[in-house]
Amino acid sequence: MGEKLDKDSILYKKRHSIAHVMAEAVLELFPNTKIAIGPPIKDGFYYDFDFEKHISEDDLLLIEHKMREILKTGSPFIREVITREQALVLFKDEPYKIDLIQNFDVTDEITIYKSHKFTDLCRGPHVDNMNKLDPKAFKLTSIAGAYWRGNERNKMLSRIYGTLWNNEKDLKAYLKLQEEIKKRDHRKLGRELNLFSVHDEIGPGLIFFHPHGARIRALIENFWREEHFKNGYDILFTPHIGKSWLWETSGHLDFYKESMFEKIEMDRSDYYVKPMNCPFHIAIYNTDKHSYRDLPFRWAELGTVYRYEKIGAIHGTMRVRGFTQDDAHIICTYEQVNFEVREVLRFAIDMWNKFGFTNLKAYLSTKPEKAVGDDDDWQMAVKVLEKALIDFNIDFDIDEGGGAFYGPKIDLKIIDSLGRAWQMTTIQFDFNLPVRFKMTYTAEDGKEKRPFMIHRALLGSIERFFGILVEHYGGAFPVWLAPLQVVIIPVNSIVEEYALEVLSRFQNEGIRIKFDNYYNMRMNAKIRQYQSKKVPYMFIIGEREVVEGKISIRTRTNEQINGLELKEALEFVKLKISNKEIL
C-alpha cells in the first residue's frame, strides 16, 4: 500500500473511474455544483467541487449510496476526441473546465470520457465499464479545502477524498491501517505527550519544541554530531541570512524565488533568509586557496533554513516553513569520488539502523534532457552511485532522466513500522555551484582544477524526522531516546529515604529519572498514567524492597520484573540505553 501507481495499472484505472462516478453522484444530489478536477492519487482518489451550499462529512454516506446506485447500471466508460471549439461549447457552464481548456496548448489533443449520465474532460485511462468496480471496495473518507490550481489567490473548493481497492478485503485492511495511522499521528501524540506545539497567531509552519520534545531533539542532534565526528566530518555554523548577490550567484533567485521568503531591506542592501545551506559552505571554501593535499573536505551543519510553503501544504512537523537540515557537502578530487560516495552510503545505512529503520529502498536518478556539466562527469557519477548501491546490496530503481539539471543523485527511502515509505537521505552530485562560485584547488601538476561537490543529507530535516520517529514508534521511543526513562513510585512516605537513594544513584549515572511522591493516587492508576505517557520503566518501591535493598520494575508494556539488586537494575537500564534497544 502507498506506492505510486502506474497509469496502466488496473488499480489506477479503477480509482480514476470511481472519481467520475463520485462526480456524477454529487451532481445528482447537488445539481448546482460546479466540477473541477478528479484524479487518482496514492491510495485513492479525489474530486474538487464548487458547492452552492456547504456540505460536511455527514453527506459522504449519502454520496456513497448514490454512487452504488450508479454502479448498478454497469455503464461503459467511452473515450472521445473532440475539438477545442466543441469542448468550449460542451463545458460552457463549467468555469473550471473552461479555464483548463483555455490553457491547453493549441496542439494538445482534447479528450472526454462519457459514463452513464456524466461527461468529463479527461485524458484517462479508465476501466471498460462500471462492472469492473466492486461496490463494496470503496469508501469516501474526508472533505478538505483546496484552492483552485493550488493557488491561494484562487477560490477555495471542496475536495472529497476516497479510497478504492480491488476487493472488500483489501479495503478493510487499508481502513484498519488508517485507524492505526490516526492513533499514531504525530500531531495528536505531540499534544498528548507534550512534545511540541504550533501557534498560527505567531506564524504557521513554525515549530515550538516543549521540554520533552526538545530533549528528544537534543538527543538526536547530539548523536548526529558524535557520529559525524567519528566519520571524519567537521561541523560548520553559518548565518541565517545573506545578501541578494549570494542568491543571484547560486541561481536561487532565478529558479527558486517562489519558495523563498520576501527580501529584507537594510543598510541599503537586500537580504534573504536562507532556503539552503550550500552557498554558505562554498563561501567558507572560497575563503582560502586549497591544494589537492587538503581534500577531501567533509563539512556538515545542522543548518536552519526557511522556505515559503503554502498554507495548505503545512502539516505538523512534517512540512514547515522553518526547519533544520542535516546538511553536508563533500568537496573532493575526481580520484576520491568513489570512496566518498561509498562512505556516505555506508554512513547512511548505519545511521538508519541505529534509529531502528532496517528496511530501505533507493532510487537512482540519471541525467535529464536539460542539464549542465560534462557528459563524462555525469556518466562517471551515475556509475559510482549505482556501484555503491550494488555493493551495499540496496534494492533500487533507476529513474531515467529524473536527476536534477545539475547532477545525478540517490534518494534513500526508509520503511516505517506501518509499511510507509519516507524519502529521507539524498546523495547528490552538483556540477553547477562549483562553476557558479568558481571553486578551484591546485592539482598535483600545479594546475587549477574544479573540485567535485557532493550534497548530502542523511535525516533530511530534524523536524520532519522527529515527526516520523513519533509515528514509527507511536510515541513509545527506544529507551535511549525517551525523554523520561524511569519513574520511581514509592508506595508511601515511609520508603522515601530508600527511594531517594535510588534516585540519586541513577541521576549520577545520567539516567533521566523522576521521583513521584504524590500519594493521593492509587498505585495502579499511577502506573497506567505513566504507561500512557510512554515512560519505559516504573520502579515500584515498597517496604519489602527497602528491607531487601532491591527494586521491582514495571515496564510500559506491562512486563513485571521483581527482586533486582540496585546495581542490577542500574546495569539493566544502562544496557538497554547503550544497545539502543526497543521495548
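The backbone N, Cα and C atoms fix where each Cβ goes, and this holds for glycine too.
A quick note: this is a predicted structure, and the numbers were derived from the prediction, not measured.
Among the features that Swiss-Prot reports, Zn(2+) binding site is placed at Cys278, His329, His455. Around Cys278 (Zn(2+) binding site), the same-chain residues at least 6 positions away in sequence with a Cβ under 8 Å from its Cβ are Ser250, Asp327, His329, Asp430, Leu433, His455. Following the DSSP three-state reduction, the secondary structure of Cys278 (Zn(2+) binding site) is helix.
Mean predicted confidence for the region 'Catalytic' (185-478): the pLDDT average there is 96. Per Swiss-Prot, region 'Catalytic' is recorded for 185-478, and the stated evidence type is sequence analysis.
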Cβ neighbours of His455 (Zn(2+) binding site) where a neighbour is any other Cβ within 10 Å: 22
